[in-house]
Amino acid sequence: MKELLKELVEKNRKFTADGNVANYIPELDKADKNALGIYVTTLDGQEFFAGDYNTKFTIQSISKIISLMLAILDNGEEYVFSKVGMEPSGDPFNSIRKLETSSRKKPYNPMINAGAIAVASMIKGKDDREKFSRLLNFAKLITEDDSLDLNYKIYIGESDTGFRNYSMAYFLKGEGIIEGNVNEALTVYFKQCSIEGTAKTISTLGKFLANDGVLSNGERILTTRMAKIIKTLMVTCGMYDSSGEFAVRVGIPSKSGVGGGICSVVPGKMGIGVYGPSLDKKGNSLAGGHLLEDLSAELSLNIF
């Protein structure tokens, strides 16, 4: 397996030349465009890795699956999905268009920015510090990584430049989707996107979902139903507005982030973490997508 991963990383590294690192958030543009790495964690405890698997990066939108889990644990499935839908939007992740033009004013799903901001507003706590502290501790628990922390520079960059996110949040407040303090919800959201980890971190997160919400030590954190909800939304909405194409090409539940990460889940088998900050036009890791496509074909991982 290790040799296969090494071979696939080298084969697909050429695709990094065809994309670009995210540059609309200060600090993200400092990533090495040519970087590509992968980490695989199996349910029976084996670990395999190749390439730039140890490079730290901010998980960005991969955090949306973590905040969704915590929001459901805090409030229950019925409440969360009364505020946020489950349908693909077909629009870019930062689009505001359907919020106003759709007959239903709630965000289409929790994987687009508007939906994730609404989800962040549902995390329990007396203020944004307590809410984010709970979220970070929950992330450490399910990734089994106590070194997870906030990249403060990127958080400030997110907060200083996220004007479209501010506009979405205030619109959601006006529609009654966000019930609490708007700025607290945004602070939690910007901070969760700025959590820093490695390919191993998101590989372990993938393994947690592959094991239906059970940690390596056997402790159950999510119900089986909750784990299924998260994995289903990863398939239908996890790769932004190329989720359908990715499902056809790769066929495993995955969630990407503009920091270059992709967290993938092979149910009952393994979690996969990929890092490649050179992005395609949809905001997904370009070489990372090709790498996962090859790995899925080689190991027959497609769930369909």
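Note: Cβ is positioned from N, Cα and C throughout, glycine not excepted.
What Swiss-Prot records for Ser61, Asn113, Glu158, Asn165, Tyr189, Tyr240, Val258 is substrate binding site.
Each of the binding-site residues Tyr189, Tyr240 was assessed for Cβ neighbours inside 10 Å, and the highest tally belongs to Tyr189. For the binding site of substrate, formed by Ser61, Asn113, Glu158, Asn165, Tyr189, Tyr240, Val258 according to the record, the largest Cα to Cα distance is 19 Å, rounded to a whole number.
Ser61 (substrate binding site) falls within a helix when secondary structure is assigned with DSSP.
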